[in-house]
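Enquirer: Supplied in C-alpha cells, the structure appears directly below.
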Amino acid sequence: MDEFFMKKALELARKGEGYVNPNPLVGAVIVKDGEIIGQGYHEFFGGNHAEINAINSSIKSTEGATIYVTLEPCCHYGKTPPCIEAIIKNKFKRVVVGTLDQNPLVSGKSIKILRESGIEVKVGVLEKECIRLNEIFNFYIKENRLFIALKWAITLDGKIATKEFKSKWITNRKSREFVHSLRNKYSSIMVGINTVLKDNPDLRCRLNKNKELERKHFRIVLDSKLRIPLDSEILKNQNESRTLIFTTNKKDKIKNEKLKDKGIEVIEVNLDEGKININQVLECLKEKNIDSVLIEGGGNLNFTFLENKKVNKIYAFVAPKVFGGKNAITPVEGEGIRNVLDAFEFPEVNLKNFDKDILIECSLS
C-alpha cells in the first residue's frame, strides 16, 4: 500500500511544474485507517510546502496518521517554517519518504529528528521515481550549476531543416504540444541569433496556467553583434516571458540603446575563441536564480554546449520523413569529432510515441 499512496503523492507533486522553480516538486498524502484524509503539493515558489497544504486540507485529526511525502521534509527556516515541526505537532505516527534530500548539507537530518521524536520513518518508497521527479533541482543543488537540455526535431535522415532552411513543420501537432510541457519544466529557453533570424520564434510556453502564480520563464538569445531585428517575436510579450540577450563588445551600440528603451535586458560578456563565452552566460543565469536551460537552437550552438560538456539531457523528436540534400542542416554541427570513441554518450534512454513521431529522451544518468 505504501507504493500506492506514494504514486498519488508523485501525481500531486507534478502539478507544481512551472510554478516552484528553483524549489523542488513535492507532493504529500495523509492516510488514516486506510483512507486518504488530506493531500497537497508545493503549489508555487514562496508558498506553503506540500506537507503543510496536506495538513491544512485534512478532513480528520492527523493524530496517529501516516503522511507520504515524495521528498524528505525540511528542517530549516526559509521562506516558510520547517515542515518537521508541523509533523511532530500534529502527532503523526508514521512518515513515509520517497527520497532523502539530495543536498548533502541537510540529507537525513529531518529523518533523524523525526525518529528521535518517536515517529516511525520509512525511506525509499518509489525512490527512483522520486529522484527523477526532481532531476533539475537535484543536479542544481549537488553540482551548483545549471541543468541543461538540448531539444530538436529531425527527419529519418537526421535533418532539422531543408536545404532552403525550411523547418515548419517536421513533427506532428502532438509532438509540438508536448514541447510546451517541456518548456514548462525548464526555467529558461535559449537560442542563438541564427535561429532568431531564420525562424523568428516566439518561445513562450503556451499552456493554460495560473498566470498569477506562474514563475516567469526567461527567453535567452546569444547574439554577439546584436543583429536581432527589433520587431522579432521573441522581444514581444515581456509581461509573460522576459527576454535576456547576451552580446559582446562587438555589439551594435545604437541597437543596444533601442533594446534597452524597449525594456529588454542586454548583458555583455567576453568572447571565447570568437564565440560568446558560455561559461559567463551560465554564471549570469545562475545569479538570476535560473536553475535550468532548454536549448532550442541550431547545430552550432548545440555543438558548443556538447563540446564544453554542459549537456545533461537531449530530447530528439524523430518524424517519419526524409529531406535529403547535403546542404540540409543537422542538429549538431560545429567542428565535430574525429574518432568514434570521442562521441558524446548519453546512456540512459527512454522512448515515447506521439502518433507516428518518436521522442528519444537521452540522459547522462
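Note: Cβ is positioned from N, Cα and C throughout, glycine not excepted.
So TrEMBL lists the following for this protein:
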type	residues	note
DOMAIN	1-121	domain 'CMP/dCMP-type deaminase'
BINDING	HIS49, CYS74, CYS83	Zn(2+) binding site
ACT_SITE	GLU51	active site, proton donor
BINDING	ALA153, TRP169, THR195, ASP199, SER224	NADP(+) binding site
BINDING	SER167, ARG183, LEU203, ARG206, GLU296	substrate binding site
Enquirer: Which of the recorded positions HIS49, GLU51, CYS74, SER167, GLU296 has its Cα closest in space to the Cα of SER224 (NADP(+) binding site)?
Expert: GLU296
Enquirer: Can you figure out which of HIS49, CYS74, CYS83, THR195, ASP199 (the binding-site residues) comes closest in space to SER167 (substrate binding site), comparing Cα atoms?
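Expert: For SER167 (substrate binding site), the spatially nearest of the binding-site residues is ASP199.
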Enquirer: Listing them in sequence order, which of the recorded positions HIS49, GLU51, CYS83, TRP169, THR195, ASP199 have their Cα within 10 Å of that of ARG183 (substrate binding site)?
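Expert: Passing the 10 Å Cα cut: none.
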Enquirer: Write out the long-range same-chain contacts of THR195 (NADP(+) binding site), meaning residues 6 or more apart in sequence whose Cβ is under 8 Å from its Cβ.
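Expert: For THR195 (NADP(+) binding site), the qualifying residues are PRO201, GLU296, GLY297, GLY298, LEU301.
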Enquirer: Which one is closest to TRP169 (NADP(+) binding site) in space, judged by CA to CA distance, out of the binding-site residues HIS49, CYS74, CYS83?
Expert: HIS49
Enquirer: Pop the Cα-Cα gap between the residue listed as 'active site, proton donor' and ASP199 (NADP(+) binding site) into the table, whole Å please.
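Expert: Each residue's Cα considered, ASP199 (NADP(+) binding site) and the residue listed as 'active site, proton donor' end up 45 Å apart.
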Enquirer: For the domain 'CMP/dCMP-type deaminase' (1-121), what's the mean pLDDT in this predicted model?
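Expert: In the predicted model, the domain 'CMP/dCMP-type deaminase' (1-121) has a mean pLDDT of 93.
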Enquirer: From the centroid of the CB atoms of HIS49, CYS74, CYS83, the recorded Zn(2+) site, which same-chain residues not already listed sit within 8 A by their CB, in sequence order?
Expert: VAL26, ALA50, GLU51, ILE52, PRO73, THR80, PRO81, PRO82, ILE84, ALA86
Enquirer: Who sits close to ARG206 (substrate binding site): which same-chain residues at least 6 apart have their Cβ under 8 Å from its Cβ?
Expert: HIS180
Enquirer: How many other Cβ atoms are found within 10 Å of the Cβ atom of SER224 (NADP(+) binding site), counting all protein chains shown?
Expert: 19
Enquirer: The record lists SER167, ARG183, LEU203, ARG206, GLU296 as binding substrate. What's the largest Cα to Cα distance among them, in Å, rounded to a whole number?
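Expert: In whole numbers, the farthest two Cα atoms are 20 Å apart.
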Enquirer: Please report how many Å separate the Cα atom of CYS74 (Zn(2+) binding site) from that of ALA153 (NADP(+) binding site), as a whole number.
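Expert: ALA153 (NADP(+) binding site) has its Cα 40 Å from the Cα of CYS74 (Zn(2+) binding site).
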Enquirer: Sort CYS74 (Zn(2+) binding site) into helix, strand or coil using the DSSP assignment.
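Expert: Note: CYS74 (Zn(2+) binding site) is coil by DSSP, not helix or strand.
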Enquirer: Would you mind listing, in sequence order, the residues at least six apart from the residue listed as 'active site, proton donor' in the same chain with a Cβ closer than 8 Å to its Cβ?
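Expert: The list for the residue listed as 'active site, proton donor' reads VAL26, ALA28, GLY40, ILE67, VAL69, PRO73, CYS83, ALA86, ILE87, given in order along the sequence.
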